[in-house]
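> Below are the features listed in TrEMBL for this protein:
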type	residues	note
BINDING	ARG38	pyridoxal 5'-phosphate binding site
BINDING	ARG60, SER61, GLN68, ARG276	substrate binding site
BINDING	ARG234, ARG361, LYS426	tRNA binding site
MOD_RES	LYS247	N6-(pyridoxal phosphate)lysine
Amino acid sequence: KGKCPEDGWDESTIELFLHELAIMDSNNFLGNCGVGEREGRVVSGLVARRHYRLIHGIGRSGDISAVQPKAAGSSLLNKLTNSVVLDVIKLAGVRTVTSCFVVPMATGMSLTLCFLTLRHKRPKAKYIIWPRIDQKSCFKSMITAGFEPVVIENVLEGDELRTDLEAVETKIKALGAENILCVHSTTSCFAPRVPDRLEELAVICANYDIPHIVNNAYGVQSSKCMHLIQQGARVGRIDAFVQSLDKNFMVPVGGAIIAGFNESFIQEISKMYPGRASASPSLDVLITLLSLGTSGYKKLLKERKEMFLYLSCELKKLADNHNERLLDTPHNPISLAMSLKNLDETNDAAVTQLGSMLFTRQVSGARVVPCGSVQTVNNYTFKGFMSHANDYACAYLNAASAIGIKKQDVDVFLKRLDKCLKTFRKEAKQEKCMNEISDSNAATEQLED
């Protein structure tokens, strides 16, 4: 049926299945005689076993989704993977998606592939409308494709940074719709930025006949992000949405899924990919989904939501204990932010020092964002880089509840963060005492004089 099984398979069954696929490839035929330049020859047995002897990769020189006659097993693997992944995207919330394919590139380069495909449809276009998100790869994806990003600054609503819809529409009118390649929006992001207003952006794109590409990097794991995409496609226009394999399915980095609601456009993107491609990302995600089954993946999604609530609750308690606060970002379903206002006022370098302290204490993924940092990316200068705004109100720390996170991870993180913050408070108290003693001594000397 080409769907993800409800119950996961055991490892021996999956290995048997992969071996059956492998013996359908010509390089594994007993009497094979290869006289071409690419015959699936592998000199290392270790490398051959690592890839289950599926050596030919996927696709043909003109289409990454095409069937390769001398690699029937690898071609079947590719078709099955795309079909199973499509089933899981529907299960995760985008029920009307019609087509998708796994591409052996991470999210940034996959977005570039989408933009390059649109170039042929809109030859006059040179601009991409991009509501600001301080993440280098999605910005560079537009530069690499040869387009000029038009950065739309976010608007502050409470603690949240949200899409400035009025600025988007004003810029479209100023530049002319025919000169705009697409609107490039984002769902999953670091708080206090929240997912873009996808429904409203989709309506604007439909009204002005402008394509809409969504960066859904780690949004498959969030029912809210997937709902935004589903609703955007229902009320307006979304041409394609791109998501990472490693962030959503816990496989090695190196693959992404390009999906959409118009099968012919998704096929155009797959044909834009030059040459054949590695089968490793397809193999990894197929093995993972076969081992989990839909029941296993649903369980992981449920656990992630529960851990988000737990992390939110416990981080708020810790923030209160240190006279800080958990920023109010209800529209972000994955990432949280805790203010570091007192730390920032104590010492300009203290905020970045906290990040270093956490890293040396084996806390990975926590993001410490100071105020006022400036960074230039491809000749474009971002003020307040990493905070998604030129001048956010305070320094802060990010933590995310992503798929696969465990209660132990949250507890250990909070314990180590608490210890680091106490160290800073102790040092600040000592420094204050030293200053008071110094002031007292100076006052005594003045009286004596």
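Cβ atoms here come from the backbone N, Cα and C positions, even for glycine.
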> Between the Cα atoms of ARG60 (substrate binding site) and ARG234 (tRNA binding site), find the distance and write it as a whole number of Å.
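With distance taken Cα to Cα, ARG234 (tRNA binding site) is 34 Å from ARG60 (substrate binding site).
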> Have a look at the recorded positions (ARG38, LYS247) and report the one with the fewest Cβ neighbours inside 10 Å.
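Lowest Cβ count within 10 Å among the recorded positions (ARG38, LYS247) is ARG38.
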> I'd like to know which of the binding-site residues ARG60, ARG234, ARG276, ARG361, LYS426 has the most other Cβ atoms within 10 Å of its Cβ.
ARG276
> Give the sequence-ordered list of residues that share a chain with SER61 (substrate binding site), lie 6 or more positions from it, and have CB atoms under 8 Å from its CB.
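Set apart from SER61 (substrate binding site) by at least 6 residues yet with Cβ under 8 Å, we have PRO274, GLY275, ARG276.
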> Among ARG60, SER61, GLN68, ARG276, which the record lists as binding substrate, how far apart in Å are the two most distant Cα atoms?
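Binding-site diameter by Cα atoms for substrate: 10 Å.
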> Measure from the CA atom of LYS247 (N6-(pyridoxal phosphate)lysine) to the CA atom of LYS426 (tRNA binding site) and give the result in Å, rounded to a whole number.
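Roughly 38 Å, rounded to the nearest whole number.
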> Just give me the nearest neighbour of LYS247 (N6-(pyridoxal phosphate)lysine) among the binding-site residues ARG38, GLN68, ARG234, ARG361, Cα to Cα.
ARG361
> Would you mind reading off the Cα separation of ARG38 (pyridoxal 5'-phosphate binding site) from GLN68 (substrate binding site), to the nearest angstrom?
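Taking the Cα atoms only, ARG38 (pyridoxal 5'-phosphate binding site) lies 12 Å from GLN68 (substrate binding site).
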> Tell me the Cβ neighbour count for GLN68 (substrate binding site), meaning other Cβ atoms within 10 Å of its Cβ, over all protein chains shown.
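For GLN68 (substrate binding site), the count of other Cβ atoms within 10 Å is 19.
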> Compute the centroid of the Cβ atoms of ARG60, SER61, GLN68, ARG276, then list the same-chain residues not in that set whose Cβ lies within 8 Å of it, in sequence order, for the substrate site.
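Apart from ARG60, SER61, GLN68, ARG276, the close residues are GLY57, ILE58, GLY59, GLY62, ASP63, ALA66, GLY275.
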